[in-house]
Amino acid sequence: MASKRTYTPPVPNRVRLVVASSVMLTFISFWRAAAIVLNDLGSSAFYAGGIAEEAVGKSAPWLILGTMFFSYAVRAVYVESCSMYTRGGVYRIVKEALGGTFAKVSVSALMFDYVLTGPISGVSAGQYIVGLLNGLLSQAAASPRYHHWAVNAAGVPHQFNVNHTSAFIAVLITFFFWWQNIKGIEESSEKALTIMKVTTVMVIILIGWGLFSVGHNGATLPPFPTPANFKFSPDALGFLKNTQFAKNLGLFGVLMAFGHSVLAMSGEESLAQVNREIEHPKLKNLKRAALVIAIYSMVFTGLGSLLAVMLIPDSVRVSVYRDNLIAGMAMYMVGPLALRVAFRVFVVIVGFMILGGAVNTAIVGSTGVLMRVAEDGVLADWFRKPQKRFGTSYRIVNMVALIQLFVIVVTRGDVIMIGEAYAFGVIWSFTFNALAMLVLRWKYKGERGAKVPVNLRIGKTELPIGLFCVFLVLFTTAVVNLFTKSVATVSGIIFAIGFFIIFSLSERDNKRRHKQTERQMKEHFQLEHSEEVGRDDLAIRPGGVLVTMRDAATPHALKWALARTDTEEQDIVVLAARMMGAGGPEYVDASEQLFSEHEQMLFTKAVSVAESFGKHIGLVVVPAGDIFAAIVRTANSLDVAAVVSGLSTKLTAQEQAYHVGQAWEALPEPKRQFTFYVVPPTGEAESFHIGPHAPTIPASDVQLVHRLWLNMRRDPHMDDLHHSDIVSFALTRLAASYANDRTVTSQQLRAAIDDGSQRRGLGAVSRFEDTDENPGYSLTSSRTDSF
């Protein structure tokens, strides 16, 4: 299909700047998408049951189980929104349905949810570690062998302060992931899938062993969730502490109890964020992912909470294991003590992996939401300014991390207090999303691939009964929470108002700034918008040079390329990748392409450098979810012979080349090979051939092949032997050996590589010593390059 583009006749003294609309993405399977969401959603299984039981009593597991059933309906709302807009989620949907003001309110509630995800996950991870350490100290105190060092002078076992130590651990985790995000953490669906594989092993053991233990002990089910069975704690009643609403109004009591359980379905927003990266067929795979998530969360969070109440005695369940319920469940299984302690250690390790990952998800998700808001001109460009060394949105990351640290310090590691506030943000973000979707049933006339069932059609009018019921449950629960969660209500409203004011003031200031920036951009650049970038858009010839440029302060790669390129023979195009935050769009409309001051400085610097060489360049901007995919796809679209990039502050030249190579392998055919040059500030470039190519073979190996050929050629039966036959035979034997025994073959190959590198004194295996035959490039050595 021909790409959609706006064309403007050439204007003298203005550089053509092509802005792409389609975002450069990498795509993942529905299994990986489900794993990413479950890394967030699954973390609530470790703390939701204890928080709910503290609030409503022993009937809590039924409410958790009911919440898991209801979460599938909420997920259906997100699936419908994603079938309408690839970039679904609360902000986009509410903005489309209810306008900018409601969108700012809803994203404030969503931010309240996200910034509390980190503290509650970090503190919960700390609770599991401290619970394990205190349990081991108690076991040591009961042992004659270790009793003397496990107790104090009064004979009382040493114990860590649970809340304070947990808060300290949460602070350390937050600092760790803050620094990782400042550097630019590499989000990987492979890592998420690996974590979920390990977690699945734990869940299978937990549920299987738990069911066996329940049957062996003859345990009974917890009381059903009727108003008479609810035992609300004073804090759970909030502003209704001295009233009889919960007892006099049965339904109100159920809604109160349900409101204390909704945090079990946190993480649904992650589904909307990961949707853009799901492979074709997108909607079908999105539904598959939603089904996997529903089944997994039902078994892990729902059934796990139920078994915990059935196995752990009432005397210790809330008082000792409230904040590490799954670890407590491990200790009350049927079996030897050593085996139970070992499984508890496994539970704590898996819990730390998931809960620690949820802290990172909170920072990444918060940053992604604020980046989406900033891209729409609602948040000041000051927040978007990249970090000089790492190129990340460090000011947004700093703000999110500071809020999370503030919450941890103020609550002093109290999971119940954080959980109460967390549930407030969860329910209100869901409510705004459901309300917006309800409005869009009448307002939106475009294609809709999925709908929340049940829908009743009367003539030409369709009544969204199912969607309305979901909204009604969410809205009534959210309103009830205003009265039953006093701390959450006050803090949530203050937080939301604060963010709303920041958004409103920033938007007003941004409108003035963006008008000025847009005017300056039009004065200096000939802007053209195109769905896909091609050579026709930039009016360049095949075999050109693509130069990546991250910021105006480091143009050495561009200078290096300009110094070595005859632009009469080859065209140079400068690529600026606009990184989209987590959950960003798959397509950006031209009207949404707002240029920040940083981008304007980058474009101006590129033109200034080119003018200092007296040469012409083209400029292209591509929105990207993955920088290496953006580089490779743009290089392929423009049919360039070389890509020149500066040396990363995080990766070596070899690592950069590896990632570029991986992105090239993922490209669909046809795809062109090219040479990738990495230019450090010193100007001594390294080059890598991207794509299949003849390897660089040292002279000693060539002579070895020739000697073998001479010797074997003497055999009368080998008179038609060629040098290539020897190489082919050796490769075939290597492939057979690797297929039969990978470990031994790999070890032998590694030894040969190490021996060869010492013998020959070569650098990286991907460097060239000989002439590269790509059009326009002649590489004479591994350190000095010329075009």
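The backbone N, Cα and C atoms fix where each Cβ goes, and this holds for glycine too.
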Expected hit for transmembrane segment in TrEMBL across 489-506, 615-632 is 489-506
Contact count check, CB pairs under 8 angstroms to the transmembrane segment (392-410), set 59-78, 192-212, 341-371, 422-442, 489-506; argmax is 341-371
Most Cβ pairs under 8 Å to the transmembrane segment (162-180), of 192-212, 289-312, 341-371, 422-442, 463-483, goes to 341-371
